[in-house]
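Taken from Swiss-Prot as is:
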type: SIGNAL; residues: 1-28; note: signal peptide
type: CARBOHYD; residues: ASN53; note: N-linked glycosylation site
type: CARBOHYD; residues: ASN60; note: N-linked glycosylation site
type: DISULFID; residues: CYS103-CYS111; note: disulfide bond
type: ACT_SITE; residues: SER105; note: active site, nucleophile
type: DISULFID; residues: CYS159-CYS170; note: disulfide bond
type: CARBOHYD; residues: ASN184; note: N-linked glycosylation site
type: CARBOHYD; residues: ASN200; note: N-linked glycosylation site
type: ACT_SITE; residues: ASP222; note: active site
type: CARBOHYD; residues: ASN239; note: N-linked glycosylation site
type: ACT_SITE; residues: HIS277; note: active site
type: CARBOHYD; residues: ASN283; note: N-linked glycosylation site
Amino acid sequence: MTASRPKALQTFCLLLPLLVWMVDRSLCYKPVIVVHGLFDSSANFKNLLQYINESHPGTNVTVLDLFDNKESLQPLWKQVQGFKEAIYPIMQNAGRDGVHLLCYSQGGLICRGLLQTMPDHNVDTFISLSSPQMGQYGDTDYLRYLFPTYVKSNLYRLCYTQMGQTFSICNFWNDPHHHGIYVNVSDFLAPLNSERPEPNATDWKKNFLRLRKMVLIGGPDDGVITPWESSHFGFYDENETVLEMKYQMVYQDDTFGLRSMDYRGAITVYGVPGVVHTMWHSNQTVFKNCIEKWLT
């Protein structure tokens, strides 16, 4: 009886480092908060949840079930407020360790709204997955479904009105041929980018720069985000020639902290061909190559 005790103790001592390593691995993963896109819901992210659980077991992942499906057409500032109320307790529970934000499509703009308006957020890494960060200007199936009597060239007549700005898609509709109207009328993207005088611009920039890392993911075969380079903060000029992020006014003037983030090496950009818009969050190769390493 007494002879077996040293052996048991020896076995326990041998296993202890492995047990500690296993516990440490699950404890070191920051909580992940996922925000869905237009006409989406939490039900569409089962594959992503599986990928995270397989690669980082024990990670606390929350796919927020707010503004689902047609409710995702609600004005973006309203959605920002709703998501803020849901996210804040998760951030508080995470404490100093912080959280990661993984935001898809329209959700990427909602997350920017959160980041810029929350002075005490503790987001470590913001992953923007095929999100129109510089806006949208293109004839897509979504546009034809929502506004069947309009095309991209005349949608500004609806979007740049008080009624139009009650639709989320109009909040980031960025017509390069009517830029002046966009700047004056846009309720969301123009003030978020500080493209017009904004009384909160200094505070919003400071809040955004609390981020440690921003990851921008998009690709040429997306088929919805137009131009697709908007997912990388690129956009059309008045001739519909795409100018990359570094040639955008918001970067050159550092209106909300984009250039500052880039200068400190805090932005990583992935351009992935062969992925259509609705498959970004289900594509395992995208997860392995562009997302997994940032969720530690």
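Cβ from N, Cα, C; glycine included.
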Inside 10 Å of the Cβ of ASN283 (N-linked glycosylation site), count up the other Cβ atoms and send me the figure.
19
Could you tally the C-beta atoms, other than its own, that fall within 10 angstroms of the C-beta of ASN200 (N-linked glycosylation site)?
12
ASN53 (N-linked glycosylation site), Cβ-centred 10 Å count of other Cβ atoms over all protein chains shown, is 12
Neighbour-count leader, CB within 10 A, recorded positions: ASN60, SER105
SER105
Roughly how many Å lie between the Cα atoms of CYS111 (disulfide bond) and HIS277 (active site), rounded to a whole value?
18
Which one is it: of the active-site residues SER105, ASP222, HIS277, whose Cα lies the shortest distance from the Cα of ASN184 (N-linked glycosylation site)?
SER105
What is the number of other Cβ atoms found within 10 Å of the Cβ of CYS170 (disulfide bond)?
27
Would you kindly give the Cα-Cα distance separating SER105 (active site, nucleophile) and ASN283 (N-linked glycosylation site), rounded to the nearest Å?
15
